[in-house]
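A.B. asks: Checked Swiss-Prot, it gives:
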- H45: active site, proton acceptor (ACT_SITE)
- E72: active site, proton acceptor (ACT_SITE)
- H193: active site, proton donor (ACT_SITE)
- N9, R20, G194, G215, H216: 3-amino-2-oxopropyl phosphate binding site (BINDING)
- D11, H12, R47, H52, T102: 1-deoxy-D-xylulose 5-phosphate binding site (BINDING)
- E153: site 'Transition state stabilizer' (SITE)
Amino acid sequence: MSELLLGVNVDHIATLRQARGTNYPDPVYAASVAEHAGADGITVHLREDRRHIQDRDIHVLKQTLHTRMNFEMAVTDEMIAIACDVKPVFCCLVPEKREELTTEGGLDVVGQLDKITKATEQLTAAGIAVSLFIDADKAQIDAAVASKAPYIEIHTGHYADLSSEEEQLIELERLTVGIKYAHNLGLKVNAGHGLNYFNVKPIAAIKEIIELNIGHAIIARAAIDGLDKAVRDMKQLMLEARTYNT
């Protein structure tokens, strides 16, 4: 059985903090709890508008994490400079629109290949492993290879949004084909967006996936059950998906 890693996104702890402009709840403390419960890494998205995660969070997490930071960022000069200063283990390049509630789709690597290749080169030179958040589209996957990014994160949001089981199965097959295609080209494949306790197992069973990044569902469950239990429950579902599909 291949190991499947869990990256816990703590952005929504910061969202709750920013709603009142207080210094609590602290995403840094939440990251520590998540690590204790079995998280293999912590994901944070420093958005240009600073709507949740703040610069301070990134710097303190860098000093305190026992696992590794996955720093989600737009492809801008400001974010590249911050990443090169902080030097997280991973940077995931994502599309970003100020008016969106959350990331709405994958990065258009095909249409921005030169820009993304340059950013990848800069981040790689700083010792950071680069991932591109993309849809399971062959053209985008081919462009990711051309950019020299070693990792991709496949966008699972459309799969997660579908309510029909039949439609979900069709989308799951599309994702699986794309993930296997990327893996065969030598890319290391992660996945995430919209995954929760009810839809994670079919994705977790795809053996080419190295890591799932999950945030909103875990933080929402934590509001009821507590963060430690929420992380442990998600890890158990992922383990079951791999155990029963070997």
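Numbering starts at 1 and runs along the chain as displayed.
From the backbone N, Cα and C atoms, a Cβ is placed for every residue, glycine too.
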A.B. asks: Quick check: in three-state DSSP terms, what is H52 (1-deoxy-D-xylulose 5-phosphate binding site)?
C.D. replies: coil
A.B. asks: If you count the other Cβ atoms within 10 Å of each Cβ, which of the recorded positions R20, H45 comes out on top?
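C.D. replies: The most densely surrounded of these recorded positions is H45.
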A.B. asks: Can you check what DSSP calls R47 (1-deoxy-D-xylulose 5-phosphate binding site), collapsed to helix, strand or coil?
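C.D. replies: Looking at the DSSP assignment, R47 (1-deoxy-D-xylulose 5-phosphate binding site) belongs to neither helix nor strand, so coil.
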A.B. asks: Cα-Cα separation of R20 (3-amino-2-oxopropyl phosphate binding site) and E153 (site 'Transition state stabilizer'), in Å?
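C.D. replies: A Cα-Cα distance of 32 Å.
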A.B. asks: Compile a sequence-ordered list of residues in the same chain as E72 (active site, proton acceptor), six or more apart from it, whose Cβ lies below 8 A from its Cβ; state 'none' when nothing qualifies.
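C.D. replies: T43, V44, H45, L46, C91, C92, V94, F133 - these are the non-local Cβ neighbours of E72 (active site, proton acceptor), listed in sequence order.
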A.B. asks: H216 (3-amino-2-oxopropyl phosphate binding site): which of the recorded positions D11, H52, E153 have a C-alpha within 10 angstroms of it?
C.D. replies: D11
A.B. asks: Which residues in the same chain, at least 6 apart in sequence, have a Cβ under 8 Å from the Cβ of D11 (1-deoxy-D-xylulose 5-phosphate binding site)?
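C.D. replies: Sequence-distant Cβ neighbours: P27, T43, V44, H45, H52, I53, G215.
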A.B. asks: Who sits close to G194 (3-amino-2-oxopropyl phosphate binding site): which same-chain residues at least 6 apart have their Cβ under 8 Å from its Cβ?
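C.D. replies: In sequence order, T156, G157, Y159, A160, D161, H216 meet the Cβ cut-off.
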A.B. asks: From the Cα of N9 (3-amino-2-oxopropyl phosphate binding site) across to the Cα of H193 (active site, proton donor), what is the distance in angstrom?
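C.D. replies: Each residue's Cα considered, H193 (active site, proton donor) and N9 (3-amino-2-oxopropyl phosphate binding site) end up 10 Å apart.
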A.B. asks: Do me a favour and check the Cα-Cα span between N9 (3-amino-2-oxopropyl phosphate binding site) and R47 (1-deoxy-D-xylulose 5-phosphate binding site); whole Å is fine.
C.D. replies: 14
A.B. asks: Sort out for me which one of R47, H52, H193, H216 has the most neighbouring CB atoms within 10 A, since those are the recorded positions we care about.
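C.D. replies: Of the recorded positions R47, H52, H193, H216, the highest Cβ count within 10 Å belongs to H193.
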A.B. asks: Are there residues of the same chain, six or more positions away from H12 (1-deoxy-D-xylulose 5-phosphate binding site), whose CB falls under 8 angstroms from its CB, and which are they?
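C.D. replies: Long-range Cβ contacts: H52, G215, H216, I219, A220.
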